[in-house]
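**Q** So that we are looking at the same thing, I have put the structure below in structure tokens.
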Amino acid sequence: MEITMGVMDENATNTSTNYFPLLDPLGAQAASFPFNFSYGDYDMPLDEDEDMTNSRTFFAAKIVIGMALVGIMLVCGIGNFIFIAALARYKKLRNLTNLLIANLAISDFLVAIVCCPFEMDYYVVRQLSWEHGHVLCASVNYLRTVSLYVSTNALLAIAIDRYLAIVHPLRPRMKYQTATGLIALVWVVSILVAIPSAYFTTETVLVIVKSQEKIFCGQIWPVDQQIYYKSYFLFIFGIEFVGPVVTMTLCYARISRELWFKAVPGFQTEQIRKRLRCRRKTVLVLMCILTAYVLCWAPFYGFAIVRDFFPTVFVKEKHYLTAFYVVECIAMSNSMINTVCFVTVKNNTIKYFKKIMLLHWKASYNGSKSSGDLDLKTTGVPATEEVDCIGLK
């Protein structure tokens, strides 16, 4: 959903406005930042602007973003549900890494089933016009923002956990009480940092052409608070992108050196070789996820920086919306990549989910098994090599 984030002069008129409508990436986890969207020439009456939503390139971009949203709803909705269901049923899956992944899965699942339908209506059906009221506008924007930060912070926590487990194996591992506190910290930090995205979110009616109005939903910062807006964006850019990416890169670089370039002392038994293979597989998947995160979100942050700090670059740019949609689709695809990697590659959770369905089907078909028998069987299923791999210390 296009969120109108920006700065607005409260005393400005419709003919000469200092208002920068912002495309807040509600549809792509971008809904979290104050990003200025210059819809037209700032000194030009808005009702003389061309309606870019009627162009062919915009139509093609609309189709692409619609397909991306459908993909998110299907892949993230179904895939993350499978992961969460398997984790809830099988205790052997509940190691620290999987618990951290579960938080990422929960946040993406909520976005897929709650936010994406509204984004589909905003981006594709109504072509950048919000018709669901201020409360939902702020709520969807806030949930999108929190989800993005939870994903980033969870990936950072996973990288640090892998670093401690592999590079410093003699140190005591984190207890479940500490892990619970870490998970709570991931959510609390994300919830607090995202508060401005809800506080400054509002609806604004804009006249795009003489006879057409569109209701933009997004963050609007008063013009006298522009310095705070830019400071907030740089703060977010630092603690939710640059900082985590640098930290994760250093962690995985050190882990790679430990696993691939350092000789293992002593006699290598089959169990030791198996553990090494498992750890390498896990780290490779996590490194691919980090690479995908950077490739998906770096263009979006770069686009936002140019838009917010060098707005004249986009003045009178006819294909601005199309460019935004391309960047938006790339960013949105990151959640699907995470889901595919964590669910189908790293954890073999589909196999466990099939066992859940099979056991429930047998119980209902036979009508003789009690829920206690069912729980006894499901909690006693031995862990697979993939699960053991993740839990190796």
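The backbone N, Cα and C atoms fix where each Cβ goes, glycine too.
Because the structure is a prediction, the values reported are computed rather than measured.
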**Q** Which of the listed positions, Asn11, Asn366, does Swiss-Prot note as N-linked glycosylation site?
**A** Asn11
**Q** Gln212, Asn141 - same side of the membrane according to Swiss-Prot, yes or no?
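**A** Topo match: yes.
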**Q** So which of Asn36, Asn95 shows up as N-linked glycosylation site in Swiss-Prot?
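**A** Residue annotated N-linked glycosylation site in Swiss-Prot: Asn36.
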**Q** For the transmembrane segment (99-119), I need the partner stretch with the highest count of C-beta pairs below 8 angstroms, choosing only from 146-166, 180-200, 233-253, 283-303.
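**A** Result: 146-166.
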**Q** Under a three-state reduction of DSSP output, how is Cys137 (disulfide bond) classified: helix, strand, or coil?
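**A** Reduced to three states, the DSSP call for Cys137 (disulfide bond) is helix.
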**Q** Do we see three or more Cβ pairs under 8 Å linking the transmembrane segment (64-84) and the transmembrane segment (323-343), pairs being at least 6 apart in sequence?
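**A** When sequence-distant Cβ pairs are counted, the transmembrane segment (323-343) touches the transmembrane segment (64-84), since at least 3 lie under 8 Å.
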**Q** Applying the under-8 angstroms CB criterion, which one of 180-200, 233-253, 283-303, 323-343 scores highest with the transmembrane segment (146-166)?
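**A** If we count Cβ pairs closer than 8 Å to the transmembrane segment (146-166), 233-253 scores highest.
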**Q** Return the residue, from the listed disulfide-bonded residues Cys137, Cys217, with the maximum count of other C-beta atoms within 10 angstroms of its C-beta.
**A** Cys217
**Q** Please give the average pLDDT for the topological domain 'Extracellular' (201-232) in this predicted model.
**A** 81
